[in-house]
């Protein structure tokens, strides 16, 4: 009677706190070595939005692998660490998780930077229009003839609404001193 073959399945049997984080917590290219002093000089305030990125050079205060790459809001600040609120999906709901993480493992998020820049641009454009005697335009204009006449009599308005990138405008290419050329591929030649 032939012996049954045994198949060895490679499955992880260790489920530690840092299991399967070999690549996740790896430092970046040319980013290895001691932690820079500037990391400790960044001020964090309650309400700041921060990104969590574990730094393997400092094991103290390191977040669990679930929180690596997540974004949260600071709710508590201590001398060496900050408390962060993160929304975790559990089943069909969000659970508010509060974790304490050292400052080596967090950094300010850039997720709102584009919005803040746009707010500043809009404020500057609004102030400039007001100085000229115009108004900022944040609503769509009506195109009916009576409304159009009314708008022509009003001072110049500034458009603050975001507009998607439009197609390139048409242009004419002159053939004067610019004769059309026929493009053909170069024939392949074997050189030995």
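Each Cβ is built from the backbone N, Cα and C atoms, and glycine gets one as well.
Region 'Disordered' is the annotation TrEMBL gives to one range among 135-163, 164-192, and that range is 164-192.
Residue counts of the region 'Disordered' (164-192) by helix, strand and coil are 0 helix, 0 strand, 29 coil (DSSP-based).
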